[in-house]
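What follows is a short report on a single structure.
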Amino acid sequence: MTKSFFLATTAMVLGAGLAHASTLEDVRERGAVVCGVTQGVPGFSNPDDAGNWTGFDVDICRAVAAAVLDDADAVRFVPLSNTERFTALQSGEVDILSRTTTRTLNRDTALGLNFAPVVFYDGQGFMVRESLGVASALDLDGASVCVSAGSTTELNLADYFSANGMSYSPVRFDRADEVLAAYDAGRCDVYTSDLSGLAARRLVMENPAEHVMLPETISKEPLAPVVRHGDDQWFDIVTWTVYALIGAEEMGVTSENMQEMAEGGSPDIRRLLGAGDDNMGAWMDLENDWSAKAIAAVGNYGELWERHLGMNTPLELERGLNELYTNGGIQYAMPIK
Amino acid sequence: MADTASQSPGRLPSGPPRAPFLTRGRIRSLAVQILFIAALVWVVHFLFSNTMSNLSRQGIASGFGFLGNRAGFDVSLHYIPFSSSSTYLQGFWVAVINTLVLSALGIVLATFLGFGLGLARVSRNWLIARLATVYIEIFRNIPLLLQLFFWYFAILRPLPNPRDSVDFGGIAFLNNRGLVVPEPILGASGNAVLMALVIGVMLGIVQTRRMRKLRDATGDAGPVWPWWLGGLIALPLLAWAVSGARFELIIPELRGFNFQGGMVILPEMLAALLGLSFYISAAVGEIVRAGIQGVPKGQYEAAVAMGHSRWEMMRLIVLPQAMRIIIPPLATQYLSLAKNTSLAAAIAFPEIISIVAGTTLTQTGQAVETILLAMGFYITVSLFIAAVMNFFNYRVLRNDR
Ligand SMILES: N[C@@H](CCC(=O)N[C@@H](CS)C(=O)NCC(=O)O)C(=O)O
């Protein structure tokens, strides 16, 4: 908590002043992308046993580092709580925020942020102990609810309960670890967060099998990487790196077959992989094979999903809305040309 | 006591004769000070305008207008009305009051514990002195944040859920949502009783002072306790009876997930209070011990010679003198307790950091303004505590004749 104090004060006094106009130049000079992540959410951003950050959100940053610096490991990860994250980005302490952050009008405008394309269409849900015998969120009148402070979650929670004429007692923590620990210790009847976060958090509970999700999804939580206002070039780079990963899946390009695809694929595919004659990279001041490097480093969007979140991972998340638009979902890359 | 008074730290030496008003040294130091202040103003102005232009360049909202906006979040503990449709400003006041309540309770508890510990440390009973030492070493040396977590989970883990609450005679219940106790409802009598209580306390204070003056002057005075008894009990009772004698107890009742009705002491409050006061009481204990040991030996001998019991000696002779040594460092500990309430945010206690520098900051994105509000609050509280303690210090030194 003292850290957020420190961050904010820095932002207030120097930070924003020192933040360079060109993030790309800063990143090149530094030789690393500084990436704000969570303090540990399995599947999204979590240090492994050796201390290396892994996960879906982590790989978005690695993809950007590969596109910009040709090195997916040239990333410095900064764990941030919900309440620290925006100040850290605004003050220039991180270049990208890639940490289950919902795009909202307020954040897009008043907070001075720019959101790259949505990488995970999520929604807010509720988790309870099975033994409680609750079948619906509408039965939660009078419950104690554990929630992360400084999130869209606590706002949706207030709206949902007041809209349904129910009362509740919020137990608000700054750090997600404590939300979980308090819920696990029995302080709350309900744990609410993004459904993805609930699934991830359940994995680290004392007895995962004792907890169930309620059927209601009470909000839209489009999670996206974030950059700060004032640097369109950097915003473009992050935006199109995400589109390149989604576009690769649309075109059937994977980290494995990309070599052959670059040689024999359609003009769109050859363009995506920097094998065409057009000079797309130069429009963002990058090498022409920026997107090929990103795909080679982390795989296409589908590979990313399967590796960190899919049915063969402990999270076992269905793609749902995050399927490609051609498969019944709403993931859709803008034309990469 | 006359000869110790001359060694008292509060006595100013009469000092050298005053120098003439304008000397070269004075002018030089005045110039340096003016330059320093000018530089400071310039730096602050530079930082301020720099910050403002940066904020607007990045399109980040600024100013304090957001305080009038709808907060949108709920808080578990508020002594004034608050809901998600209240304003951020109201949220700020909720946070201020919660922090002040926690600080005040913490200071009271830490003081009692600390004085007990200090006395125990100088006790002639080996076991008591040892135990006090062990307590102090433990609570002084473990980081406060860890202690807060310890208390929080030590409270949460063993306690049952509401359905299996520990039942105190069917009227109070303890579970992992807190301690629920009956709520007295006085209706219209409430205000009358409160007013009577205020008048009663004032009466007690006035009378105590009068009697003390009388005793100083004549060496003999009547007792004051009947005044206190009347002021604190009889007068409020009378006010209650006259104003309708309404009294009801709302007994908490298990409904749905938890008890409804009654008043609740949240686990967050309990853990924060225990954590803060145990931590600070260890330091207070050491200060009290040092204070007691700082009283010259002759005072003890004199007290014994006058036939005082050990307890009387402590209460009437040693502690009053020790207060001179105790109060200044005690003030530091009180300040530290008030500032350390910020750590209670980690265990979900809704204080300034949690509500203002946490949620409000994140939801509005106005880091500069919210941090300024939080800093302003801590500075005000610190200055207030310092002023109160200075006043006590002045009183103690003045009385020391
Ligand atoms: N998407 C919401 C909620 C974000 C949130 O609370 N995410 C949780 C997991 S779903 C988290 O990141 N916790 C880890 C942490 O705070 O370090 C928002 O942007 O406000």
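In case you wondered, yes, glycine gets a Cβ from its N, Cα and C as well.
Residues or ranges marked as domain 'ABC transmembrane type-1' by TrEMBL: B:96-390.
Within the same chain, no residue sitting at least 6 positions outside the transmembrane segment (B:30-48) brings its C-beta atom closer than 8 Å to a C-beta of that stretch. Annotation comment: TrEMBL describes B:30-48 (among others) as transmembrane segment.
Among residues of the same chain six or more beyond the transmembrane segment (B:92-120), those with a C-beta under 8 A of the stretch's C-beta atoms are 67, 75, 77-80, 82, 128-129, 131-132, 135-136, 269, 272-273, 276-278, 280-289, 291-292, 314, 330, 333-334, 337-338, 341, 344, 349-352, 354-356, 360, 373, 377, 381. If you look up TrEMBL, you'll see B:92-120 (among others) marked as transmembrane segment.
The transmembrane segment annotation in TrEMBL covers B:132-154 (among others).
Look at TrEMBL and you will find B:185-206 (among others) tagged as transmembrane segment. Through the fold, the transmembrane segment (B:185-206) approaches residues 224, 227-228, 230-232, 235-236, 238-240, 242-250 of its own chain, all at least 6 residues removed from its boundaries and within a Cβ separation under 8 Å.
The annotation transmembrane segment is assigned in TrEMBL to B:227-247 (among others).
Taken from TrEMBL, the feature transmembrane segment covers B:259-280 (among others).
The feature transmembrane segment is assigned by TrEMBL to B:341-359 (among others).
What TrEMBL records for B:371-392 (among others) is transmembrane segment. Long-range Cβ contacts of the transmembrane segment (B:371-392) within its own chain (Cβ-Cβ under 8 Å, at least 6 residues beyond either end) map to 92, 96, 99-100, 103, 327-328, 330-331, 334-335, 338-339, 342, 352-353, 356-357, 361.
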Within the same chain, the residues 6 or more beyond the ends of the transmembrane segment (B:259-280) and with Cβ under 8 Å of it are 76-77, 102, 105-107, 109-110, 113-114, 139-140, 144, 147-148, 150-152, 154-156, 159, 162, 165, 172-173, 176-183, 250-253, 333-334, 336-337, 340-341, 343-344, 347-350
